[in-house]
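Here is what TrEMBL records for this protein:
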{"type": "DOMAIN", "residues": "34-492", "note": "domain 'Major facilitator superfamily (MFS) profile'"}
{"type": "TRANSMEM", "residues": "30-47", "note": "transmembrane segment"}
{"type": "TRANSMEM", "residues": "105-125", "note": "transmembrane segment"}
{"type": "TRANSMEM", "residues": "132-150", "note": "transmembrane segment"}
{"type": "TRANSMEM", "residues": "156-179", "note": "transmembrane segment"}
{"type": "TRANSMEM", "residues": "191-212", "note": "transmembrane segment"}
{"type": "TRANSMEM", "residues": "218-236", "note": "transmembrane segment"}
{"type": "TRANSMEM", "residues": "307-330", "note": "transmembrane segment"}
{"type": "TRANSMEM", "residues": "336-355", "note": "transmembrane segment"}
{"type": "TRANSMEM", "residues": "367-384", "note": "transmembrane segment"}
{"type": "TRANSMEM", "residues": "390-413", "note": "transmembrane segment"}
Amino acid sequence: MQNGTARDEPRKEPEHVDIVQKSIGVLGKWHIWVCLAIFLVKFPVAWHQLSIVFVAPRTEFYCVDPNLDKCARNCSAHVFNRSVFSETILSEWDLVCEKEYLADLAQTVTMLGILFGNMVFGYLSDKFGRKLPLVGAVILQAVSGTIAAFSPWFSLFLIMRFFAALATGGTMVTSFVLIMELIGTEWRTVVGILYQIPFNLGHILLPVISYFLRDWRYFQAAISLPSLALIFYYWVMPESPRWLLAGGKREEAIKVLEKAAKSNNLPTKNIKNDVLEYLTNKVEDEQLESRKGNILDLVRTPIMRMYTIAICFNWLVCGLCFFGVSQFIGHLGGNIFLNVALSAVIQIPSTLFACWATKAWGRRKTLISANILSGVFLILIGVSPSEPTWIKSILSTTAMFGLSLSFPTVYIYSGELFPTMVRNIGVGTSSMCARFVEPWIPPIIFGVAPLIGAMLCLKLPETLDCKLPDTIEEAEMFEIRSREEKSALRGH
């Protein structure tokens, strides 16, 4: 499994060498252990992102005075049906009738927190490395989530929920970029997509946790406290050698590469010389190692600008439609725990299918196909009759299959398109577009958006088995070479 690319004898490497892959191999024991550790962070991501379903579920209620309408102005208090949940934020703070909007505000705050977390931690990770921001994010997630669980005031609950979501957005973008930068080209697709499976499993576990903890405070604490265990990242998680090399941190990069190579049973004696030669060539050719990337680099050049627009819109499609359809499936009626579990189970086959499709079809064709599939079936949901109900169930399930195929594909695609110096900023900025979700948007709009996303994909290059670019200039040259290759094929 260690597809070793390192060799005992030093030699001059071609310009396109991947120094990380050459030094530590494509996939070995070190890669696997690091990835398994990083995968753990996706469980609390799912829990915090989707917890509103059990924190503020639809609950029957009536006025304490049976002679008054439940939303009458002179109704002094409400009685809630506690047959399913013993306590929710609705019953805790009486968030019904004229205060119903406050329950919706709790989810709005969550999505805003994730949005800003993508941006803030994307910036921090490109400036200060992947490791420390990731550790800081899991600590913030555990602390703020636990405080939210025992908050005596709704206002404090909202503030802590925002910070927990901010940290969740940070763990999402930082952990994914770290995975993409560690795994070799041959296995990057499979591992990058399997990275989504823990999210699916976390989604499945969510109704299980809620089933045994029917009080929202215990439930909130149960999904927050496990993040404390992830503080071990500080001692065991390596810094990304790509980030270290892109930032000119030569000695630190050599140390990480040598440790990884030793764990993978690969030779280490030439790593130092190879890294020095690599950095020397980079300085001579580009002289860009001293410059840090920033968000303006995403739109500074025409090619990067097109990448950013197309990827951001496809992230918007994923968030808009995925969470919309998830809510639709969850409200089909019946047992809330079973409905949520089924909506999570549906995602696993499509995620596994993405492992094959992104390798066999490439990133671009897979994303286009997934967008067309989900777009067509979402439009059909909008025009199909309400009865019989099984029609919408089948259509929404098929649409969810397409959307669950889109999500891991766009994750992989964005991680490969943006160069190292702005990879976290690029993935963070684009993925924040998935947080603009409104429940009132009709299914027809859900259907049209993926079709537009499919058309924008035509402006993107295929990145299957490509070397990850480190600088803006490398990303630009990759696009130029892709266009030249297409022109040459047309000429023949």
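For all residues, glycine too, the Cβ spot is worked out from N, Cα and C.
Because TrEMBL annotations are produced automatically, they should be read as predictions rather than curated entries.
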Could you check if the transmembrane segment (336-355) is in contact with the transmembrane segment (156-179), meaning 3+ Cβ pairs under 8 Å among residue pairs at least 6 apart in sequence?
no
Candidates 30-47, 105-125, 367-384, 390-413; stretch with most C-beta pairs under 8 Å toward the transmembrane segment (156-179)
105-125
Over the domain 'Major facilitator superfamily (MFS) profile' (34-492) the mean pLDDT stands at 85
Check the transmembrane segment (307-330) against the transmembrane segment (390-413) for contact, please; criterion is three or more CB pairs under 8 Å, pairs 6 or more apart in sequence.
yes
Residues of the parent chain within Cβ reach of the transmembrane segment (30-47), under 8 Å, 6 or more residues beyond its termini:
24, 134, 138, 141, 145, 168, 171-172, 175, 178-179, 182-184, 187, 191, 194-203, 205-206, 209, 223-224, 226-227, 229-230, 232-233, 236-238, 259-260, 263-264
